[in-house]
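Trainee: Here it is, the structure, as structure tokens.
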Amino acid sequence: MQPLIIAGRSYASRLLVGTGKYQDFEQTRLAVEASGAEIVTVAIRRTNIGQDAGQPSLLDALPPSKYTYLPNTAGCYTAEDAIRTLRLARELLDGHALVKLEVLGDAESLYPNVAETIKAAEVLVKEGFQVMVYTSDDPIAAKQLEDIGCVAVMPLASLIGSGMGILNPWNLQIIIDRLTVPVIVDAGVGTASDATIAMELGCDAVLMNTAIAGASDPVLMASAMKKAVEAGREAFLAGRMPKKIYRASPSSPTSGLISGSK
């Protein structure tokens, strides 16, 4: 199967996972291992990756030699805050350029503020960041972000942490069809079938956190999500049969049937 390519780098796994909301770093480690993910996203404002030398660091549980870190701007509500946060991340991670940009509109819905997101993306791309960007499922905004130079566009399936699944597959399909950079569903996945549907639509990957960390058994759910993403990708590549309302053809041979007459 073809690898996922982001900013010129190849990844075998098409599942990206967050690192927040777990009981501790050990549970984080076990869940990430079970997911098979190679890219892990981390909220710079909430997680210790070296800011506090006296506290446990995520870097010890998930060594950068094994995983690609994707610093994100969770908790940022303005372009300026997001830019400042990612500049700090680059310092903490020794010049790391691959980042996830998210600028939120409000604290209740966590819906993206697209105008502020575009403003931040323009600055970050000019500064040499490789920007993977969280956005709405608006195809026009998605295309604008690609044109700015973002290396991946990450439309929501539904609101962050809602677990509502894919609410607007039609808009996602338009984005997938129009963009040339990877399209990664980010936010709203609740269970394995949601991840499979996203991949069957043709998404290049799926990113999730709460769907795994919020499960009764996060490690088992991580394993389920790994399989779901793989199954969805294979189904997309295989090509599904056409949908039919009632003109179905029998799946069993029709020749050589035993006559019903005596």
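Positions of Cβ are set from backbone N, Cα and C atoms, glycine also.
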Trainee: Same 1-deoxy-D-xylulose 5-phosphate site as ALA187, GLY188, ASN209, THR210 according to Swiss-Prot: which of GLY161, GLY202, GLY232?
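Mentor: The record-listed residue among the candidates is GLY161.
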Trainee: Cα-Cα separation of THR210 (1-deoxy-D-xylulose 5-phosphate binding site) and LYS100 (active site, schiff-base intermediate with DXP), in Å?
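Mentor: So the Cα of LYS100 (active site, schiff-base intermediate with DXP) lies 17 Å away from that of THR210 (1-deoxy-D-xylulose 5-phosphate binding site).
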Trainee: LYS100, ALA187, GLY188, THR210: which of these recorded positions has the sparsest Cβ neighbourhood within 10 Å?
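Mentor: Relative to the other recorded positions in LYS100, ALA187, GLY188, THR210, THR210 has the fewest Cβ atoms within 10 Å.
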Trainee: Identify all same-chain residues not among GLY161, ALA187, GLY188, ASN209, THR210 whose C-beta atom falls within 8 angstroms of the centroid of the 1-deoxy-D-xylulose 5-phosphate site's C-beta atoms; report them in sequence order.
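Mentor: So the additional residues around the site are LEU159, ILE160, SER162, GLY163, VAL189, MET208, ALA211.
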Trainee: Do me a favour and check the Cα-Cα span between ALA187 (1-deoxy-D-xylulose 5-phosphate binding site) and LYS100 (active site, schiff-base intermediate with DXP); whole Å is fine.
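Mentor: It is 13 Å, counting Cα to Cα.
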Trainee: Measuring Cα to Cα, how far is GLY188 (1-deoxy-D-xylulose 5-phosphate binding site) from LYS100 (active site, schiff-base intermediate with DXP) in Å?
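Mentor: Cα-Cα distance, GLY188 (1-deoxy-D-xylulose 5-phosphate binding site) to LYS100 (active site, schiff-base intermediate with DXP): 17 Å.
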